[in-house]
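Asker: Sharing a structure with you now.
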Amino acid sequence: MLFWIIKITSYFYSSTLFEVMNSVLFRGVGGLFFSLFISIVIGNRIIVWLKYKLRMLQTIRIDGPQSHKLKYGTPTMGGIIILISVVTSVIIWSDLSNIYIWYILFIFVMYGILGLVDDFLKIKRGDNLGLTILNKYLWQSIIAWILIVIMFINRVNYVENQSGLEFLRNIVCKLKIWDMILAYFVIVGTSNSVNLSDGLDGLVIVPVILVVSGLAIVTWVVGNIYITSDLYIEHVDCIKELVVVCASIIGAGLGFLWFNSYPSQIFMGDVGSLSLGGVIGLVSILLHQEYLLLIMGGIFVIESLSVIFQVSYFKIFKKRIFKMAPIHHHFELKGYMEPKIVVRFWIVSSILVLLSIVIFILSKY
């Protein structure tokens with residue numbers, strides 16, 4: 001919105017200032033501070049609203065670590081803070097004529113709604129189950145496939161004089177079914193991985209901020225034709241606008257961390273983790289950096305693998321590899337204090353993000 005106001009104004013009042021204000025870098029910084037401001041301003045109000053008016057309090061697992069009983073009475077659904085802050089910031093600071101922005105908003109909002117339903121059912125039923133695994137996976141898949149089909153059809157160049165059969169054949173050839181399947185697994189897989197990682201105060205939001213920061217750097221590089229030509233990196237047209245989205249998520253994440261740091265005043269809930277994970281996966285697809293995400297989001301991968309190995313091993317051998325999965329609970333049961341586990345996960349995530357950026361640059365030589 002602000003992009004077009006500045007653009008229209010610059011037609012009547014030509015100025016270098018307007019050019020700077022309309023740059024992606026300026027709007028990215030603006031989006032970051034704006035979403036940070038919004039999240040801090042609305043944070044306390046939403047916490048009070050969820051805790052005292054709606055009574056949306058986190059249910060505690062009976063078989064979980066004993067220390068988690070102290071968390072009873074803490075409100076959940078804190079991802080609403082992030083959702084409102086990011087969507088508002090993106091609408092104000094980004095170029096809404098860019099199709100990538102709408103892809104991001106679609107997956108962010110739809111996965112947010114799905115997470116909201118899941119959180120609500122957990123609280124209503126008084127357990128920690130919510131939607132069944134099958135139902136959650138089904139709706140994640142439906143949302144992902146709707147977006148993927150739209151994305152890949154938009155990549156097809158329509159030729160008016162083609163016959164219906166020729167046009168259909170052209171679409172089928174250019175859709176690249178394997179790319180679509182990969183995109184599906186990246187979106188749904190990342191969404192669930194971030195969701196599994198959300199189990200301790202501040203544990204997931206900082207790795208999300210770090211990974212999104214890494215993706216913002218990659219976005220800036222692949223979106224700049226001069227940098228890509230110098231580094232022999234694949235250039236992606238119009239992708240640089242996603243810097244504004246990434247910056248808005250970073251700002252909202254920092255604002256949420258203000259309330260989610262130990263001891264947490266509010267939990268993110270599925271409304272936040274599913275939507276953030278979906279966006280991270282989608283951005284990596286749009287950047288053509290799906291494999292780089294495996295390193296950059298290594299913390300999420302480790303958390304997911306710990307659950308997969310635990311469940312598989314138990315079904316086969318009737319024994320457990322870890323005391324509890326995901327793996328952050330294993331460390332809790334081994335006697336590590338929650339803040340120490342969280343900070344160490346942050347350190348590992350920082351290293352992985354830096355390593356992935358180095359690999360991204362050096363792999364082109």
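In case you wondered, yes, glycine gets a Cβ from its N, Cα and C as well.
Pulled these from Swiss-Prot:
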TRANSMEM  29-49  transmembrane segment
TRANSMEM  73-93  transmembrane segment
TRANSMEM  97-117  transmembrane segment
TRANSMEM  133-153  transmembrane segment
TRANSMEM  171-191  transmembrane segment
TRANSMEM  202-222  transmembrane segment
TRANSMEM  242-262  transmembrane segment
TRANSMEM  266-286  transmembrane segment
TRANSMEM  291-311  transmembrane segment
TRANSMEM  341-361  transmembrane segment
Asker: Is the transmembrane segment (133-153) in contact with the transmembrane segment (341-361), using at least 3 Cβ pairs under 8 Å (sequence separation of 6 or more) as the test?
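Answerer: Contact between the transmembrane segment (133-153) and the transmembrane segment (341-361): absent, because fewer than 3 Cβ pairs are under 8 Å.
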Asker: Apart from its near flanks, which chain residues at least 6 from the ends of the transmembrane segment (133-153) lie with a Cβ under 8 angstroms of it?
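Answerer: Residues packing against the transmembrane segment (133-153) from afar: 103, 106-107, 110-111, 114, 118, 171, 174-176, 179-180, 183-184, 187-188, 191-192, 274, 278, 282.
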Asker: Please work out which recorded stretch in 97-117, 202-222, 242-262 has the most C-beta pairs separated by under 8 angstroms from the transmembrane segment (29-49)?
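Answerer: By the under-8 Å Cβ criterion, the transmembrane segment (29-49) pairs most with 242-262.
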Asker: Using a Cβ-Cβ cut-off of under 8 Å, list the residues of the same chain that are 6+ residues beyond the ends of the transmembrane segment (202-222) and lie near it.
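Answerer: Answer is 24, 28, 194, 228, 231, 233-236, 239-240, 242-243, 246-247, 249-250, 253-254, 256-257, 260-262, 264, 268, 273, 276, 280, 283-284, 287-289, 292-293, 296-297, 299-300, 328, 341-342, 345-346, 349-350, 353, 356-357, 360.
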